[in-house]
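Participant: First, the structure itself, so that you have it in front of you.
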Amino acid sequence: MIADTTDLNELERDALTELVNIGVSRAAASLRKMVNKEVLLSVPSVEIVTRRSAASLIGQRESESLIAVQQQFDGPFSGRALLIFPQSNGLSLVRAIVGDEMQEAELLEMEDEALAETGNVILNGCLGSMANMLQHSLKMSLPDVRRGDSTLLFDAHNSSRDASFVLFLYINFSVRERNIRGYIAMIMDLPSLEKLKQLISDFIERVMNETD
Amino acid sequence: MADNADGPRIEELHADLNAAQRRLQLVLDAAGATCGWEWDISKKRFVADALFAGITNQDPVELADGVSPDRFFVSIHPEDLKRVKIAVAGIIAGSEVFSREYRLLRADGGYRWVRASGRAIRDAEGEPAKFVGSLIDITEQKRVDEQLRIAQSAGGIGTFEYIVGYGTISVSEQLCRLFGLHPNKMLPVRTLNGLIHPDDKPVIDLTRPDELQSEGNIEFRIRRASDGQERWLARRGEYVDDIHTDGRRYVGVIFDITEAKHTQESLREANDMLAELARESLRERDRVWKNSRDLLVVIDTAGVFRDVSPSWFDILGHAPDKVTGSKVIDAVWPEDRDQAKSDLRKAAENIHTEIEVRMTHEDGSPRTISWMTSREDDRVYAYGRDVTVEQQQKVALEETEAQLRQAQKMEAVGQLTGGIAHDFNNMLTGVIGALSIIKRRIAARRTEDLDKFIDAATSSAHRAASLTHRLLAFSRRQSLDRQSVDVKQLVTSMEELFQRTLGEQIELAINVAAETWKAETDANQLESAILNLVINARDAMPNGGQLTIETNNVAFTEADLAKGETLEPGSYVVIAVSDTGTGMSQATIAKAFDPFFTTKPIGQGTGLGLSMIYGFAQQSGGHARIYSQLGMGTTIKLYIPASHATGEQSAFEKEEEAILPRGKGETILVVEDDDSVRMLVVDTLKELGYRVLEAIDGAQALPFIEGKGRIDLLVSDVGLPGLNGRQLAEIAIAARPALNVLFITGYAAAAAARAEFLAPGMEMITKPFAIDDLAQKVTEMLKPSNPR
């Protein structure tokens, strides 16, 4: 995985992390509005790995099955974005968002809907602001909720067919005194990744010139 | 106009006042100030306090009044500038938290480290409106950090922090190096765990991400990412409350313990090996102890059983735990206790002893146990074997052996009888044949030439007598008539006899050393032995050869005689008879002196020849030796003790010159239970002119002895019914102390050595005897020179 990430230099990785942070900050702000509570989101680490690595990476870490909100994105760089939680964390997030007043049965009933909505806010906020910072826009599809193991989520068993990569973000949430961990994965093919890298370089250039 | 004139001046004063007031304010601010800044994003205006101005080398007044936001970046080290700009761009674009460490150039050309912490303040729409924050000088902290880093690096200690529930872990550079990773501040936990040996505990256990890690120290192996080397690392750490969240952080260190582990490992292996060895030997000891069919016991010096093996139950019937703690002596068979006490003492005093003692079985019977003891310090370890059955078997075996010996003896007697019968028949044929011829001749009144047949019969009878003599010599019950014998003369006188015996094919050489001593032996027996050797030599040379008879002297000192040699040191006459015949193998030599061993066909010899010679030589106090090799002939040497008497005439010469003496009416009492022998003796003595009293046994003889009648000599058989000859003689001597006694005996069992049997004034004559010999003996004993 060291080798996987060396294609970005330190500054580019800093910039990418910053871009993602801008994204999740916006998402957190949106969430804050939704739950009217302090929501902290941070992205301490960013990696670019293969789909297979991404699958095993979550698989190794999470013993329980996963729940994911998935959206296609289309623009200068295209692909599929996933917000992934361990199933219990997903439910915690919904609980955090809807509040403690709701009954368990109701909660379960609307879990998918709530998750899809939350996921949409986070992913939209994250990808949207990233694209914005890179002075482009992305078209996002409607979210859908998927369950399964990491191999299924990443189509890892088919990954040998095409050279697609995953921009893999660890996210630490803190919502209503709950620590929730999750992952954002952006599955892109190589040309999209190259394009992203180019856009990051441009961004750095711009930042340097702006403030000179 | 003054107003006009003063207007600008007042304004100036106002301005000055304002400035002074602001400065005062700033000074006041500075007292509790924090290098704070406020960046109004929408108005693109930047305000900072005096400390910020001071630390960034800017005019505090300007910064307090507000300047262009790019003044935020003044004095930032060029190498750090890009990072800071990106982070600031993030905040302006919507990031929430700003936190960067960077260097600020100082006026003196050096630089200081600061940490800038800030956040975005949002407007009602949620858009970032202001960026506020403060700088902290962390130069000192950095220096401490650097020292810590160096200490960590030198000590090889990596640090980490982990917030429960998170997937990432913040790590030190040294920690990355320990794992062989590129230096990084934040790593996915799985990156570290992935390098850890699958059998070992991970740095952070993610299988239950929301639970606390075990706080204990753990050790694990890693495959270093850089070079693939396996190393042992140790983790130490503890939980602290996280400042930012309500969660907990695990703060710890990791360091390399490979060397220690290897040492530990080899120590452990060595230890394990030793332990295993110890266990194994213990197991073996236990097995030996438990499975021994013999007794194993441990005894202390007080004679108490400390431990006994389970075999005790099988052998002696007591449960081992009942025996342990009891006194040894109580287990011993009562009759053996005295002996056992001293044995026990011996076992306690010596390192090794062997003891055989009877122990009492639970059923009350004795068991013989053969013990071997071994003492170590104050313990005696004993190994005991039940030899009860063995001993019974030994007794049975001894009985069987005795029976076998008896059977062998009977067989030998049978063989002897057969051999003797053959020889005896030959001789009897001569006697009976001659007597019947004489009888027929007398009947036919042809009395001429009778002497020839009488001589033949006499010769045959003599040979028979000599055979019985030889038999007795063999049985070593023949009493030897030891006297000084001139061996030279004896051998020389036999030459004619040898010549006749040997025939023409064999050349005889007699080589008698002139200085040959006289020998102390029985002349008749010696003659017989030499003749026997000559005959054997002849038979060994069926195709002829040379036979040599030599005599010589030899003196043995203690040093000359090999150990186990039967000869005593002293002087010996050696008579050697050598042939050039077939010789003997070693096996034959080894058995040649055994009775009944013969190489001749059955019925042609008794097989007693050599054994009788051996017996004779031994009885004389000498020895016989065989020197032979197959095909190389044989030499047999007789060693006869030398005699130191001189000038005495040999028995032979005396016999030759015997003149029958005449009695002068002396009275002789003859006691003999065999009628024919008594008649013969009585007739002979009467013929010689003696007065003779007759008695069949002691009972008949006693009246004569106790009577007043004259008795000059008592002639008595030794083997009498009732009182035996010796007892009778004692009564007779008691009654008549001057009386001489001549014993006649056929089998002088008690008279193997004359001296022990015969008191002074007693003589002995052996059956069969020549009448002449009897007459000679009687006359001798009645001589006045031979008084009692």
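Placed from the backbone N, Cα and C atoms, the Cβ positions cover glycine too.
Feature list, courtesy of TrEMBL:
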- B:98-150: domain 'PAC' (DOMAIN)
- B:216-269: domain 'PAC' (DOMAIN)
- B:260-287: coiled coil (COILED)
- B:281-351: domain 'PAS' (DOMAIN)
- B:419-644: domain 'Histidine kinase' (DOMAIN)
- B:667-782: domain 'Response regulatory' (DOMAIN)
- B:ASP717: 4-aspartylphosphate (MOD_RES)
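Map the listed features onto the structure and describe their local environment.
Facilitator: With DSSP states grouped into helix (H, G, I), strand (E, B) and coil, the domain 'PAC' (B:216-269) comes out at 12 helix, 27 strand, 15 coil.
Residues of the same chain lying 6 or more positions beyond the ends of the coiled coil (B:260-287) and with a Cβ under 8 Å from any Cβ of it are 219, 232.
Over the domain 'Response regulatory' (B:667-782) the predicted model carries a mean pLDDT of 81.
A 10 Å cutoff on Cβ-Cβ distances gives B:ASP717 (4-aspartylphosphate) a total of 24 other Cβ atoms nearby, all chains included.
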Participant: What are the DSSP helix, strand and coil residue counts for the domain 'Response regulatory' (B:667-782)?
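Facilitator: Result for the domain 'Response regulatory' (B:667-782), in helix, strand, coil order: 52 helix, 26 strand, 38 coil.
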Participant: Count up the helix, strand and coil residues in the domain 'PAS' (B:281-351) according to DSSP, in that order.
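Facilitator: For that range the per-state counts are 41 helix, 13 strand, 17 coil.
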Participant: Would you list the DSSP helix, strand and coil counts for the residues of the domain 'PAC' (B:98-150)?
Facilitator: 12 helix, 30 strand, 11 coil
